[in-house]
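To start, the structure under review is shown below, and the notes come after it.
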Amino acid sequence: MVLSVKQTLSPKIGLFRRNPSSSLGRSPVSLSFPSTELPKRTVLAVSKPLHLSSSLRAKSPVVRCEAYEADRSEPHPIGDDAAAAETKSEAAKKLKIGIYFATWWALNVVFNIYNKKVLNAYPYPWLTSTLSLAAGSLMMLISWAVGIVETPKTDFDFWKTLFPVAVAHTIGHVAATVSMSKVAVSFTHIIKSGEPAFSVLVSRFILGETFPTSVYLSLIPIIGGCALSALTELNFNMIGFMGAMISNLAFVFRNIFSKKGMKGKSVSGMNYYACLSMLSLLILTPFAIAVEGPQMWVDGWQTALATVGPQFVWWVVAQSVFYHLYNQVSYMSLDQISPLTFSVGNTMKRISVIVSSIIIFRTPVQPVNALGAAIAILGTFLYSQAKL
């Protein structure tokens, strides 16, 4: 684009020095002057291709300068046009992020509702977790096959680096599902809001990282709020509580492995999560068979169909599909926004899940329990602010 346009006493343009009287014969390929004489005292310094045109009006020649991007055929906006274009671009970006967030929250709420319905009728969290990963893997394989999504270019090193991430993701996913099979959805998410505390502790004592005092102070309301909610939970279950805690720890390691191993990898957020789901599915399937087994699944399936009816099949399909979709959108959102904005969005997502699950499942909540949840979520928000 144009770097400078200024007036001097020398009739030269860019690197071309010309005599006005001899300029009528021919012109450089990149310049066009319809008028009979090039206006004097003009210097243009450029770093990209220019198109210049001169037109004579009533008394004096007017030089019109348009800058073109090298790979575009339209003039690059200048001045007020550039400001208007930038404002329009910012508005479009904010709208796109808003749509991402709204979709992310909505999909997550729907998943948690159907997931809890399935687990209430069919208490086999290992199979439920496996079906969630299988549905997402199948959806992405079809998307790659028909060309809806570009197939990622991966190699052995990519999958080797992804393996520890997939192990941590598998453990976190199964542990969270086990937790939801034993306790209320709201309680699981209240405990999972304590994930930042695990992140700081692991980073401090295992990785040797240090944090500002404000980060450590933000852990006080997180830990205190989670503890208050756990102590006042009406339907407390130790397996459910420990499942949520293990999920927190596993997802912390997943994030650490992902940050360390995936630097410089040119894979989009959507494809990255697809590869993660496929590898996690391969890891989880043999363990699910060993822990629960086909015989238990068949017996439980028949019981669920007899109790709930044919709509139970829809519940299973919905929870599996929506699990992949909400995670996929979250990874796509992370491609577009800063980690701070993502953390705030994740906090708001957890609030929407807790509130909606309490309303839909009519979960009894004591005032002290609600206070603990609010304190824990506030601490999570303060942590996201202090961390960055």
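Yeah, the Cβs are placed from backbone N, Cα and C, and that goes for glycine too.
Positions annotated as transit peptide by Swiss-Prot: 1-65.
Residues annotated as transmembrane segment in Swiss-Prot, with sequence analysis given as evidence: 95-115 (among others).
Taken from Swiss-Prot, the feature domain 'EamA' covers 112-229. Summed and averaged per residue, pLDDT over the domain 'EamA' (112-229) gives 93.
Residues annotated as transmembrane segment in Swiss-Prot: 129-149 (among others).
The feature transmembrane segment is assigned by Swiss-Prot to 158-178 (among others).
Among the features that Swiss-Prot reports, transmembrane segment is placed at 211-231 (among others), with the record citing sequence analysis.
The transmembrane segment annotation in Swiss-Prot covers 233-253 (among others).
Marked as transmembrane segment by Swiss-Prot: 273-293 (among others).
Feature annotation from Swiss-Prot assigns transmembrane segment to 305-325 (among others); the stated evidence is sequence analysis. Within its own chain, the transmembrane segment (305-325) is flanked in space by residues 107, 110-111, 114-115, 117-118, 121-122, 128, 131-136, 139-140, 277, which lie at least six positions past its ends and keep a Cβ under 8 Å from the stretch.
According to Swiss-Prot, the feature transmembrane segment maps to 363-383 (among others), an assignment based on sequence analysis. Residues 184-186, 190, 193-196, 215, 218-234, 343-344, 347, 350-351, 354, 357 of the same chain lie 6 or more positions beyond the ends of the transmembrane segment (363-383) yet place their CB under 8 Å from a CB of it.
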Practice prompt. Residue list, the transmembrane segment (158-178) vs rest of chain: Cβ under 8 Å, 6 or more residues beyond ends.
Written response: 115, 119, 125-126, 128-129, 132-133, 188, 192, 239-240, 243-244, 246-248, 250-251, 253-254, 257-258, 261-262, 265, 267, 275-276, 279-280, 283-284
Item to complete: Give residue numbers and ranges for long-range contacts of the transmembrane segment (233-253): same chain, 6 or more residues beyond its ends, CB-CB under 8 A.
Response: 164, 168-169, 171-173, 175-184, 187-188, 191-192, 194-195, 197-199, 202, 364, 366, 369
